[in-house]
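Accompanying notes for the structure given below.
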Amino acid sequence: MSIHIQQVNKHFGNFVAVDSVNLEIKTGELTALLGPSGSGKTTLLRIIAGLEQADSGIVKFNGEDITTQHVSERGVGFVFQHYALFKHMTVFENVAYGLTVRPRKTRPSKAEIAEKVHSLLKLVQLDWTADRYPSQLSGGQRQRIALARALAVEPKVLLLDEPFGALDAKVRAELRRWLRRLHDEINVTTVFVTHDQEEALEVADKIVVMNKGRIEQQGTPEEVYDTPSNPFVYEFLGNVNLFHARVKHGHSTIGNIHIPSPEHAGGEEQQGLAYVRPHEIEVLTQPTENAIKVNLDLVTIVGPVARLEVLTEIDEQLIHVELSKVQFKQLGISKGDNAWIQPRYSKVFLGEGI
């Protein structure tokens, strides 16, 4: 089931929640709506579901205009952040609920419902919980049951609103990998909302970055992370260092160092901001012509990763550097020592006020 959104707008009073959004989601695609709070991602998801009506614009499923269609007629499955399981029902009864409340003409037999429920419980690897109640399950298990319940009605589209937001970090990481494998198996067009950059990068086929009701960029995780279209996307997708830069003849100059900048090949010098991610900086223990002298101010070891905070000698600008713990140990430096840093890559955005 493909989804096509054309010039969709939604206001709540004077607040612009969704602003002229155009988006196409292919059949079987797993798409992440990623953005900070208030960016419009959940409102857009609810418009797709039919839980909110757009002020203007068109929503199509497989080319059919369903903009004014009631949520019950759209064939969507919805999973919320807080499970929404019925506490007084067993797991089996929760998963079966959407089938048992169908009109008699379209309702499967009890045997067919039982077969479907047990099949779904096996799919989410919880077939042994059929007779238990939600209170007897962990948060991660409850969310998987909520997903099984959404799948029971064989939705054309699966919509997930921050499905792992209420879970601890380890369970979230496990469920992300599980959701990716599950999607590859069932191949239902899926849209999920998240503010977690790592979650979107790990799980999605396509990421749609939203801010202030608009789409800032959309593309594969690799495209969005490696080639951000603007400063907002660059800063939102992970830590970044900012340097004032001068750009001319395909090179950017940061202080006393020069970095290739082939996207800016013009002959006239321009000012801009150079964005450099912490892992794109090399640390040296000896001075070199094309490096910045720094002092090591803080070292934080997080498992296999070493995170450094260094201060530049000239203006004491704080710079974040990330490398493996093994690489850091090999450098043989510690807090208070001098070192030299060399950005391997930078992305320069030109213009005043950037």
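Counting begins at 1 with the first residue displayed.
Cβ coordinates come from backbone N, Cα and C, glycine included.
Listed features, source Swiss-Prot:
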type	residues	note
DOMAIN	3-237	domain 'ABC transporter'
BINDING	G35, P36, S37, G38, S39, G40, K41, T42	ATP binding site
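For the binding-site residues S37, S39, T42, counting C-beta atoms within 10 A of each C-beta gives the highest total at S39. What surrounds the ATP site, by Cβ distance within 8 Å of the Cβ centroid and not counting G35, P36, S37, G38, S39, G40, K41, T42, is the set H195, M210, N211 from the same chain. Candidate binding-site residues: G35, G38. Fewest other C-beta atoms within 10 angstroms, G38. The average pLDDT computed for the domain 'ABC transporter' (3-237) is 93. Ranking the binding-site residues P36, G40 by the number of CB atoms within 10 A of their own CB puts G40 at the top. The Cβ neighbour count for K41 (ATP binding site), using a 10 Å radius over every protein chain in view, is 29.
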